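Colleague: First the structure, which I've put down as structure tokens, then a few questions once you've had a look.
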Amino acid sequence: MKYELGQIIKGVEAINFTYEALGLVKADDYSIFVENLLPQEKADIQIKKSNTKFAFAIVVKRYNDSPKRIKVLNQKLMLSGSTPLAILNYADQLEFKENVVKYLFQRNIHFNETQKILPCEKQWNYRNKITVFVESSKGKIKFGLYEKNTHKLVEQDSYDLANESINKLLMYLNKNINNYKCFIENGQFLKQIVVRYSESYDQMMLAFVQDKPFELSEDLLKDLTSNFKNLKVILKEEKVKKTTYTYYSEAKNIQDKISNLTFNIDYNSFFQVNSYQTNNLYNLLVNNLHLDKTMNVVDAYSGIGTISLKIAEKVKKVYGLEIVKEAVINAKQNAKLNNINNTEFYEGDVLKTIDNIKEKIDTIIIDPPRAGVSKEVLEKILKIEPKQIGYISCNPHTLCRDIDLLTLSKKYKLEFLKPCDMFCQTHHVETVAILKLK
């Protein structure tokens with residue numbers, strides 16, 4: 001069975017809510033995944049994408065509301081796909097995420113001891129970074145977020161996931177951006193605006209992303225710095241044949257804190273987007289590992305050194321492995337900034353750089369991208385046989401896959417598994433796992 005693009009299907013009912021926060025509708029054995037449709041809700045839906053096995057659809061008309069549905073406060077943000085769980089109260093969001101992890105591990109590796117999810121104290125305005133998209137038409141610039149799965153721009157009245165300071169800057173730009181000559185003449189070459197903010201130090205970074213170089217005007221820079229005293233870094237990123245950066249500020253980075261540690265963060269640094277919950281996430285890892293001053297620890301995918309530096313005081317030595325050159329430079333700078341002397345950072349692929357370590361490795365910590373860890377790296381870890389493995393994951397499916405491989409070896413046992421809500425109002429969930437050598 002295959003439905004046609006744009007086809008309307010009347011009177012269907014969602015029977016489940018998938019891990020991607022989509023209502024599941026069944027037509028015979030054919031699955032249709034519907035945005036903004038909760039179980040027990042009936043609706044007319046329109047097919048947006050389909051193949052022979054499944055389809056994706058949107059609601060055209062909803063006939064009833066689930067008892068769990070609440071009023072969405074920001075419809076424009078919902079349209080962008082940024083807040084698919086904003087239709088549920090926070091307790092139901094937590095239950096949904098916890099169940100995603102719990103059932104995944106029950107079903108695939110028969111693990112029945114998933115701990116309760118760690119809630120986030122702040123459910124809105126928690127993001128310390130945002131990227132908005134820019135369009136220019138008839139000499140006028142507008143910016144916002146794309147409607148989900150499209151390139152249709154939806155202008156926003158507020159960015160309720162982003163920190164309040166980021167909102168103030170974006171609202172100022174929204175009101176005034178068309179007053180500046182550099183944008184009037186070159187608006188079609190401006191593609192994105194990126195803002196980062198550090199609440200710990202009240203510092204902000206603003207970047208204008210261009211696909212053809214043009215200079216930012218003096219009046220723009222003067223107005224920005226006079227209206228936003230905390231705007232420490234202003235730059236433009238030129239994405240032409242080669243990506244280049246031009247800074248209009250003396251500083252090239254801002255600083256943020258995790259616990260008592262300070263980190264330099266430049267434009268390309270990976271830093272957890274929820275500053276309010278990051279230390280809690282890392283504490284879940286550190287407090288459930290056995291760490292002491294005799295241990296050598298490997299921090300794979302170490303980024304700018306956030307985890308490495310947090311655990312350094314508890315162990316003999318930390319080796320950070322990271323493929324991004326700039327991140328390794330940042331990590332070394334951050335170690336020096338915090339007067340930490342028992343860390344070493346290696347640039348390169350984990351599979352190769354781990355061979356640089358001649359000491360016995362007691363603990364390996366993994367915090368990979370959403371794709372998880374390659375089979376080759378997991379097999380290398382199994383050969384090394386560290387006493388324990390700590391795994392922080394932003395994708396429970398690849399986490400489950402990787403832990404399945406590690407436990408099937410009969411060498412490791414999964415001893416701790418706890419979800420942590422880092423991304424409120426979204427279906428994404430962070431999870432901490434600890435495995436111990438048998």
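Glycine is no exception: its Cβ is also placed from the backbone N, Cα and C atoms.
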Colleague: Select one of Tyr282, Tyr301: the residue that TrEMBL places in the S-adenosyl-L-methionine site alongside Gln272, Glu322, Asp367.
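Modeller: So the S-adenosyl-L-methionine site in TrEMBL includes Gln272, Glu322, Asp367 plus, from the candidates Tyr282, Tyr301, Tyr301.
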Colleague: What is the biggest Cα to Cα gap, in Å, among Gln272, Tyr301, Glu322, Asp367, the residues listed as binding S-adenosyl-L-methionine?
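Modeller: In whole numbers, the farthest two Cα atoms are 16 Å apart.
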Colleague: Around the S-adenosyl-L-methionine site formed by Gln272, Tyr301, Glu322, Asp367, list the extra residues of the same chain whose Cβ is within 8 Å of the site's Cβ centroid.
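Modeller: After dropping the recorded site residues, what remains is Phe270, Asp299, Ser302, Gly303, Thr306, Ile307, Pro368, Ile392.
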Colleague: Return only the integer: C-alpha distance in Å from Glu322 (S-adenosyl-L-methionine binding site) to Cys394 (active site, nucleophile).
Modeller: 18
Colleague: Quick one: Cα separation, Gln272 (S-adenosyl-L-methionine binding site) versus Cys394 (active site, nucleophile), in Å?
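Modeller: Answer for this pair: 11 Å between alpha carbons.
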Colleague: Report the mean pLDDT of the predicted model across the domain 'TRAM' (25-60), rounded to a whole number.
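Modeller: Mean pLDDT for the domain 'TRAM' (25-60): 95.
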Colleague: Sequence gap of 6 or more, C-beta under 8 Å: which same-chain residues meet both conditions with respect to Cys394 (active site, nucleophile)?
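Modeller: Expected: Pro369, Arg370, Met422, His428, Val429, Glu430.
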